[in-house]
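Student: Here's a structure for you.
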Amino acid sequence: MAKATSGAAGLGLKLILLLPLLGEAPLGLYFSRDAYWERLYVDQPAGTPLLYVHALRDAPGEVPSFRLGQHLYGVYRTRLHENDWIRINETTGLLYLNQSLDHSSWEQLSIRNGGFPLLTIFLQVFLGSTAQREGECHWPGCTRVYFSFINDTFPNCSSFKAQDLCIPETAVSFRVRENRPPGTFYHFHMLPVQFLCPNISVKYSLLGGDSLPFRCDPDCLEVSTRWALDRELREKYVLEALCIVAGPGANKETVTLSFPVTVYDEDDSAPTFSGGVGTASAVVEFKRKEGTVVATLQVFDADVVPASGELVRRYTNTLLSGDSWAQQTFRVEHSPIETLVQVNNNSVRATMHNYKLILNRSLSISESRVLQLAVLVNDSDFQGPGAGGILVLHFNVSVLPVTLNLPRAYSFPVNKRARRYAQIGKVCVENCQEFSGVSIQYKLQPSSINCTALGVVTSPEDTSGTLFVNDTEALRRPECTKLQYTVVATDRQTRRQTQASLVVTVEGTSITEEVGCPKSCAVNKRRPECEECGGLGSPTGRCEWRQGDGKGITRNFSTCSPSTRTCPDGHCDAVESRDANICPQDCLRADIVGGHERGERQGIKAGYGICNCFPDEKKCFCEPEDSQGPLCDALCRTIITAALFSLIISILLSIFCVCHHHKHGHKPPIASAEMTFCRPAQGFPISYSSSGTRRPSLDSTENQVPVDSFKIPEDPKWEFPRKNLVLGKTLGEGEFGKVVKATAFRLKGRAGYTTVAVKMLKENASQSELRDLLSEFNLLKQVNHPHVIKLYGACSQDGPLLLIVEYAKYGSLRGFLRDSRKIGPAYVSGGGSRNSSSLDHPDERVLTMGDLISFAWQISRGMQYLAEMKLVHRDLAARNILVAEGRKMKISDFGLSRDVYEEDSYVKKSKGRIPVKWMAIESLFDHIYTTQSDVWSFGVLLWEIVTLGGNPYPGIPPERLFNLLKTGHRMERPDNCSEEMYRLMLQCWKQEPDKRPVFADISKDLEKMMVKSRDYLDLAASTPSDSLLYDDGLSEEETPLVDCNNAPLPRSLPSTWIENKLYGMSDPNWPGESPVPLTRADGTSTGFPRYANDSVYANWMVSPSAAKLMDTFDS
C-alpha cells in the first residue's frame, strides 16, 4: 500500500519530464485536390489554357509557388517523354499547352505505352521552389494532372451538349483542412472550351445561400471558403452550383452540379474521461489466467482515429508504479475505436480509446494482494495549450485467494450395456465453471480393485471432470452392481486437494452385440442399422439417430451418434478426443465430401442431409436423404385400404374354388413337394413354368414328345436368318444345352460379321428344356442394360432354336479372377504365360482394388435394374457373371430368373440340388426367393471378388453351414479386404431381409469406395496360405454329382446348380474318363466315370444327409 502511494506521489515529477516531449505538427501549403483531369487533342494550338491547380494556406501570408515535374508518365508510372509540352504559371497555377501536338506525337507516346488505343498520361505538380524527387509525389504537397490524349482534332463547338460543357469528365472532390485561413480551391470553367469556342457562354452560380462556408467571385469563376472550418462541428459538405449554357442562338440550358468537400482533421481536441470516470476497481479471484482483462477505462477524443502507423507514436501509456510485483503482473493495452457523435444534426467521427489493465502472468490460487495502479495517457500531437493532452487513469485491484471445495457426495446411474467411453456424469469443484488459469486434476480411488469400471478426465474448458466407462467387462460382473469411489481434486500448481465420495449404480441387463456392427456409430448412414448397433461412447449400448431438419446446409444435420446429448454438438470434448471413433462428427480432422461447413479446427460444423464418417479412413460424407414426402392423404389411404380388403376377399374365394376343383378333379402326376438337395438321374429334367411352379416331370406325357415336333411361333422383330449365322467352337456345355462361339452376318443392320455367342439344346433335350430356353428368350427380350447380357436375336424357324446373345470375350468372372491370380506381377511385365481358356487376351495390367470395386459396382447396377424390372435372379454368383471386352461385367444365366410382377417372392418346393453357400437364410429354411435374397448372394459375390475367385466358407461342409448361419456365423474379413467393403458384406448378410440394403444403396456405397480407392491390390501378397480358400482340395467344376440314390452322374454338368443345366461354362476339353478309377462307398460299381479330386463340390452342394435334415425342417 505504501509502495503504491509513493509511486503515485512521483506523478508530478514524471509529468514535468514528459512535457518537453509535446510538439506541434509542421505547417505548410497544400493542394485542394490530389488529382486533376483534362483532355488533349491533336493539333490543339500552342498556348491553349488547360486548367488551374489551387493551393490552400496553413497560415496567413503564405504565397504558393508551383513547379512541374520533368517527365510525362503512363498510367502504370512508365516514363514516356520529357515534359516540354505543358507549362505552368508558377504564381497562378495555370497549366497551358506549350506546343501543338500532331499525330506523330500521339503515335510516339502510344508505342512507348504498349500500343494501347486509349492513351492516358500524367505529370506531377509540386508546391514550393525546392527540388523534390518525382517518385515522392504525395498529397498534400504534390498532385497529379492526368490527360486523356485523343488521336483526333478538337470537336466542333456545335457538337457539345450542355452536360459536356458543365460537368467534368471525372468526378471532382475537394480536401480542406480545419482551422485554416480561407482560400480559393476551384475554378469552374473548362478553359479549352472557353478558349476555342468563344461564342458559347457558360456561367455559374452557387446554391445553398449564406448557410454554407463557400462563395464565388463576381463572375463566379473561382470558389473560395468564407471562413476557417471546424471538423468537430461538421466533417462533410456538398458544394452545389447551377450551370447556365447559352449558344449563338437564344436557347439556354441549365445543369445542376454537386461536388463533395471533406474537412480534414488536426489534433486540436484534448482527451477526456469518458462519462467523467477516471477510476476503476477490480477483483481478481477465479479468472487468474495470463491475458485476463482485469478492468477497463475509456478516454474520449473528438479527433479521428490516427493511422495505425501513427497510433503508437501519438498515444502513449505508462504504468506508474514502483512495485516490481505489480510491474511483472500487470500490463496496459490500448485499443482505439472509431465512433460517431451527433453535432448540430451532423454525424461527426470521433475516437473512443480503451485502456485495459491485463494480467501479464497467471496467478496461483494462493496469491492475495491489494494495490492501486496509476496509468499516464499522453496525446503527444495535441495542438492545444499546456498539458491538455495528458490524463492519469487509476485502477484499484484486489487479488483474492481461492479455496477448493467439492460437494459431499455424488451419485450417478450407469447402464450395464454401456460401451467404453460412454459419459455418465461430471464432477466439479465449487465455481469450476468460472475458473480460468486454474489447473485442476481429478482422480478416482475405487473401493474395490475388481470394480474399476470408470475413468475420469479433466475438461480444459471449465475445469470439470467427466466420468466415463473405461472397462465394460467390470460393469457385467455380478459383484459390481454398485461402484464406490473417492473423487480427489488437486490444484496442479499448489498441490492443494479436496475430495468427495462417488456412488454409481449399475442398471439394466446385458444384450448380445449385433454381428457386423462398426466400431463407430458415425459409420451408419441409415436409421435402422444405426439403432440396432452399438458403438464407442454409447451409454445404452445402442446408437441413437439424430433426425435433421432437412433445410439445406444446417447444424442440425441427420447423423448416427452414440449419444445425441453430447454428439454432435460442435465441440470435441475431453472424452471424445481420446478416440476418433467416438464422435468423428466433432473431432475428426478429415476430408468431407458433399455439402458442408467445416468446424474451426476439426469436425463438421454444418452439413447437408445425412452425414456419416469413416474414422479409419479419415473421410466424412454429407449427402441428401433418400426420403420423400407423403404420397397419399387420409382419403387416399382409405380408398387403398378398401381396395386391398376387396382384393383379399377375392383371392380367398379363388383359392377356395381352386382347392375344391383339385379335390374332385383328376390329379396328374407331379413331383414331390418336399425340398431335397439331390438331383434326379440323367434323363429326368427339372423345369419350372413362368409362374414359378413345378412343371410335371419324369413321366409327364409332354416330356416324351420330341423337340422337333414343337412349333415355335415366329417373332419378326427378333428372328435372324439362319443362313447368316456361322457356328464356331464350343465355349461351354451342360447336360442338355451348350454355348458356342459364332459369327453373324449383318446383325442388327451392322455391316460385315459380328462375333456372338449362340445358346442351343443338345439332341437329348426334351420339351421341358426347350421351354426353359424359350422362357429365357422371352425374358431377355424385356431387359436392356449395359451390365446384363444382351439378346441380339434368335433362329426359331426351320431348325433347332438358337439364341444369339452378346459374346463375352473373357468368360466367367470367377475364372477371370482366378486367372488374374495366376498372372501375377510377371505377367504384367511380359514374362508370364497363360494356359487358361477362360481369358484369351485380358488387359495387360495387374488388378487394382479400384478394379475389383468397379466390377462389384457394375454388377450392382445390373441387379438394381433387374430389381426395378421385378426380376429375381436366384443364382447370383461369380460363375454366372460374364466378363466382356474392356472388363465390362455382364449378368447372365437367367434360366432361374422369375418374373415377379405378380408376386414379389418365389417359393421353391421342389427337389433339385441348390447352391447352399450362395443362398440366403430364408431361401434355405423357408424356400423364399426375393430381391433381398439376391442381395445376400451379392454379398457372397463380393467375397468372391475380393478373394479373387475363392470358394465361400472354405472348409465348412454344407450340413454344418445351416446351423452356423442360423446362429449368426458369417465369413471373416479377408486379409486384403477393406473395413468398408466388409461392412457392406455384413449388411448384405443380415438375417432379416428388410434390414439388408437395396441394390440402389449398394451402388451408391460402391461409388464412394471407387472414389476413395487408390492403392494397388498386391495379388501375390493377397494369396491366402490356406489352400482351402481357392481349392478346397478340388476345383468347383470337378465336384462329384450324385442322384438321390447316391449314384454318381457324368461330369458333363456346368459349375452351377442343376437348374442351370442348359448353359454352363464347363471346360469342353475335360477328359472323358477319370485318371484314377473310383468305386462307390457301398462297393457297387457304376457305369459313369468319376474323378479322384471330386469332393469339393459338396462345398456348395448339399449332401443327401443334409437333405434329410432339411426335410425335417420342412415338417
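Keep in mind that glycine also has a Cβ here, set from the backbone N, Cα and C atoms.
These came from Swiss-Prot, pasted as-is:
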ACT_SITE  ASP875  active site, proton acceptor
BINDING   GLU178, ASN179, ASP230, GLU232  Ca(2+) 1 binding site
BINDING   GLU232, ASP265, GLU266, ASP268, ASP303  Ca(2+) 2 binding site
CARBOHYD  ASN89  N-linked glycosylation site
CARBOHYD  ASN98  N-linked glycosylation site
CARBOHYD  ASN151  N-linked glycosylation site
CARBOHYD  ASN156  N-linked glycosylation site
CARBOHYD  ASN199  N-linked glycosylation site
CARBOHYD  ASN345  N-linked glycosylation site
CARBOHYD  ASN360  N-linked glycosylation site
CARBOHYD  ASN378  N-linked glycosylation site
CARBOHYD  ASN396  N-linked glycosylation site
CARBOHYD  ASN450  N-linked glycosylation site
CARBOHYD  ASN470  N-linked glycosylation site
CARBOHYD  ASN556  N-linked glycosylation site
MOD_RES   SER697  phosphoserine
REGION    29-153  region 'Cadherin-like region 1 (CLD1)'
REGION    266-380  region 'Cadherin-like region 3 (CLD3)'
TRANSMEM  638-659  transmembrane segment
Student: What is the number of other Cβ atoms found within 10 Å of the Cβ of GLU178 (Ca(2+) 1 binding site)?
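Tutor: Here the count is 17.
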Student: How big is the Cα-to-Cα gap, in Å, between ASN98 (N-linked glycosylation site) and GLU232 (Ca(2+) 1 binding site)?
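Tutor: A Cα-Cα distance of 45 Å.
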Student: List every residue in the same chain as ASN396 (N-linked glycosylation site), at least 6 positions away in sequence, whose Cβ is under 8 Å from its Cβ.
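Tutor: The answer is THR279, ALA280, SER281, ALA282, GLN372, LEU373.
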Student: So among the glycosylation sites ASN156, ASN378, ASN450, who's got the most Cβ atoms within 10 Å?
Tutor: ASN378
Student: Within the same chain, and leaving aside GLU232, ASP265, GLU266, ASP268, ASP303, name every residue whose CB is within 8 angstroms of the centroid of the CB atoms belonging to the recorded Ca(2+) 2 site, in sequence order.
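Tutor: Here the non-site neighbours turn out to be GLU178, ASN179, ARG231, ASP267, SER269, ALA302, VAL304.
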Student: Can you give me the residues near the recorded Ca(2+) 1 site, meaning same chain, not GLU178, ASN179, ASP230, GLU232 themselves, Cβ no more than 8 Å from the center of the site's Cβ atoms?
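Tutor: Other same-chain residues near the Ca(2+) 1 site: ALA228, LEU229, ARG231, LEU233, VAL263, ASP265, GLU266, ASP268.
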Student: So how many other Cβ atoms are close to ASP268 (Ca(2+) 2 binding site), meaning within 10 Å of its Cβ?
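Tutor: Taking every protein chain into account, the count is 16.
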Student: Between ASN89 (N-linked glycosylation site) and GLU232 (Ca(2+) 1 binding site), what is the CA-CA distance rounded to a whole number of Å?
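Tutor: With distance taken Cα to Cα, GLU232 (Ca(2+) 1 binding site) is 36 Å from ASN89 (N-linked glycosylation site).
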Student: Long-range same-chain neighbours of ASN360 (N-linked glycosylation site), Cβ under 8 Å, sequence gap at least 6?
Tutor: GLU290, GLN328, THR329, PHE330, ARG331
Student: Do any residues at least six apart in sequence from ASN556 (N-linked glycosylation site), in the same chain, have a Cβ closer than 8 Å to its Cβ, and if so which, in order?
Tutor: ARG546, GLY548, ASP549
Student: Relative to the Cβ of GLU232 (Ca(2+) 1 binding site), which residues of the same chain, six or more apart in sequence, are found under 8 Å away?
Tutor: GLU178, ASP268, SER269, ALA302, ASP303, VAL343, VAL348, ALA350
Student: Can you name the recorded positions among ASN179, ASP230, GLU266, ASP875 whose CA is within 10 A of the CA of ASN156 (N-linked glycosylation site)?
Tutor: none
Student: Just give the helix, strand and coil counts over the region 'Cadherin-like region 3 (CLD3)' (266-380), going by DSSP.
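Tutor: Each residue of the region 'Cadherin-like region 3 (CLD3)' (266-380) counted once, the result is 16 helix, 63 strand, 36 coil.
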Student: Checking the recorded positions ASN151, ASN179, ASN345, ASN470, ASP875, which are within 10 Å of GLU266 (Ca(2+) 2 binding site) at the Cα level?
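Tutor: Cα filter at 10 Å returns ASN179.
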Student: Check the region 'Cadherin-like region 1 (CLD1)' (29-153) for me and report the mean pLDDT.
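Tutor: Across the region 'Cadherin-like region 1 (CLD1)' (29-153), the average pLDDT comes out at 86.
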Student: Hey, what's the Cβ neighbour count for ASP230 (Ca(2+) 1 binding site) at 10 Å?
Tutor: 15
Student: Taking only same-chain residues 6+ apart in sequence, whose CB is under 8 Å from that of ASN470 (N-linked glycosylation site), what do you get?
Tutor: ARG420, TYR421, THR452, ALA453, LEU454, GLY455
